[in-house]
Amino acid sequence: MADIVFMVDGSGSVQNAGFQSAKAFMSQFVDLFNIGPSHTQIGVMIYSSQITFPILLKSYSYANELKNAINGISWPDGGEDTTAALRQLMATMFIETNGKRSNATQIVIIVTDGAATESTVTEANNVKSKSVVIYVASMTNSPGIMDRVVSAREYLLSATDYSSLPTLVGPLSASACEALHTCLPTTCQNGGTCHMGSTAYSCECPAIYTGWHCDLSICSVSPCGNRGQCNIEGNTWKCTCYAGYTGATCSTDIDECASSPCVHGTCSDRLNGYTCQCESGFTGINCEQDIDECVSGPCVHGTCHDHVNAFSCTCSAGYTGILCEKDINECESAPCQNGGTCIDKLNMFECACADGYYNLQCETNICQPTMADVIFLIDSSVSQSRDQFTRQLDFVTQFIDHVVVGAENFQFAVVTFSFEANVEIGLAEFNDNVTLKEAVKNIPFRPGGTFTHKGLQTVSELVANSSSARPFNHSARRYVVLLTDGMSINRAETKRVAEGLKQQIFKLIAIGVGPEVSHRELLDIASPGDPRTPQYVFAVSNFNALFTIVAQLVHLTCQECTWDTATDVVFLIDMSTGMSQVEVDLGIDSMTYLLNRLLDTRYNTTVRAALLSYGNEFRVHRRLDEPMESLRDYIQILTVSKHCDASACRKQSRSRSCHNDDCDVIRSLARAFAHLNKSMFKNNENNTREVIVMISNGRHDIDTSVRALVNDLVRTGKIVLAIGVGDILKVDSFKQMVEDPSHIYTVESKESVNVLDSVMTEIVYSSCALSNDFNNEP
């Protein structure tokens, strides 16, 4: 029994007449064999510039059908690559899904007028190593090294041309039949012994091998049942059974119910385990636990007491009912002061205050600040250098400088985290600014891993275990201010713990600090934006976070507090030829996203926007005195500017002693910053925030002249932000342009553009001119 594949040369040198002779040769060969799945199977592959497989081994079971299929093959023409054809032979023809039989002799007959190369010999040796017998019918008298391709020298047969092919049918068929009954040196692999039978040979294999040619490891046929692991040990093999099975071939399932593990229930055997169906009133893996009816928390506002198949509730103050589900009317005591109207709520009340008063019971004049607990959570991991850690402590002390510390004002706590979290300063531990600041300065740096979730969990426990009650029946709002680079080790756990903490406090504020900042993680951690603040993510280099908290604690109608909210934003986009259209599109998407957010009328702010571009030239597209709506429409038509072809650009670069095409780009960037310094912001009000948003892929090296111009902008109070677009960024270029690494934002795709929500807190802001006891400058 044999699987025979004709590998036929269909290249241009064969010519159509020669190819037709090759087809006739194959048809004559078919007539000499019994064709079928239990006898001889024949497949055909044609190779030229492309390799095709018109007839697979399994395709035909009858000679007439096979010959008709051979007759229908067309001459493809093209080049010749015998090496590639041999490689595809094993990958496509001699595989079980296409008809290969493990108990049949595999034979390939190459019909070609070409010569072999060393690479052909190498690939042929690979084929022969898999017990495939190779014949060659060559149409040349000088076959070269083709005798090293065949399995034996006598398997190389030559004809003068394709018209002489029929003369090879007899010798080739006889030799092929002989190969079916001949034990070749490579017939039985891996030490197998070849035995000749009356019609074919057979292989006697060592214990650890199997297969017709002893070519398969015994473990490859999976003798171990039920997911058992077959292991070779010397000249023997054995099965390591999957948990729950035993026996030589892992065929026996272990009955885990034999030991009657279910104390109060019925046992059902499972694979490597069991389950218990418990009787009423019992639970647990083994039905060993009495059900605690209090586990589900049936008492809505009270303490549950478990009984036998029942429970009872002791209600908290203010609630009644079987499940403590009914709210007592707290307005009965007329708690609202100064003419306020009481509105009863579930377990609470609200007061609609008369003009001039606010707070829980309308007891606070609009110019009197409310009380707050502020917990700082500081990153002490190795991603923060000692200098950066000190910068975090400086931020905390400067924050304390701007408020009054005490039971009737602000109280602070400080927690640090790295491998573990440490409560450095507890809430209400200090009641004056001086001693609190000294304690902050003495907090040690404990470098380790960035286990942010442990820090958040410690803060959650600190909040849960400390009261927010203050004198005169007040309750303090609670803020958590996290200072980190957003590079936590376990981001999923950090986000999960942060979500729980946000349910306990008023706001969770994230402040970016470090050599690189992940704004995406900071946005996930922080409280979501609201009509007062777009996002609660800030940079450590400014006090937007402080002003945000103060804005929520001092009533906005108080005449003693002036709120400055005007901002001028200038977009500076890289339109050089170094920016791909995809990157330009991301830049346009980024500007569009920010403009849409800025046009949101919920924010009590005045924002103007302008657009500049740089590249091979500097250009002013829109000024600050033009409407933002027209800018949003205008940027949709921006495209990459190409001012010269590549050869012209190189000539210009050489003439200006430049080494690449960056010259014009850096020159136009310098002009843009010079224009920003001298012209763009010259008519602004003194209290207007001035922000420059640079958009680029960062691939241009920044020289000292540009850096000096940026420094001039920063010295005069301008804020420079950088948005890197695309998936290949040079962050180091951006670091030369911004004052703080947290001012670098990355937009790698259109789907990630919402990371720019954190840019909004640099543009839309509230800055209070602090007065009275809130102004505590050192």
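Using the three backbone atoms N, Cα and C, a Cβ is placed for every residue, glycine included.
Here the structure is a predicted model, which means the values were calculated and not measured.
The disulfide entry in TrEMBL for Cys287 points, among Cys278, Cys294, to Cys278. Comparison of 3-172, 216-251, 253-288, 373-553, 568-763 by number of C-beta pairs under 8 angstroms to the domain 'EGF-like' (327-363) places 373-553 first. Counting only same-chain residues 6+ beyond the ends of the domain 'EGF-like' (253-288), those with a CB under 8 A from a CB of the stretch are 226, 242-246, 309.
The disulfide-bonded residues near Cys278 (disulfide bond), taking a 10 angstroms Cα-Cα threshold over the set Cys241, Cys257, Cys294, Cys315, Cys353, Cys362, amount to none. Sorting the domain 'EGF-like' (290-325) by DSSP state (H, G, I as helix; E, B as strand; all else coil) yields 0 helix, 15 strand, 21 coil.
The two recorded residues Cys362 (disulfide bond) and Cys287 (disulfide bond) have their Cα atoms spaced 56 Å from each other. Under a cutoff of 8 A between CB atoms, and with a sequence separation of 6+ in the same chain, the neighbours of Cys315 (disulfide bond) are Cys299, His301, Gly302, Gly321, Cys324.
Secondary structure from DSSP puts Cys257 (disulfide bond) in a helix.
Ranked by Cα separation from Cys214 (disulfide bond), the disulfide-bonded residues Cys267, Cys287, Cys294, Cys304, Cys353 are led by Cys267. Counting every protein chain shown, 21 other Cβ atoms lie within 10 Å of the Cβ of Cys353 (disulfide bond). Cβ neighbours of Cys287 (disulfide bond) (same chain, under 8 Å, six or more residues apart in sequence): Cys262, Val263, His264, Gly265, Cys276, Cys278, Glu279.
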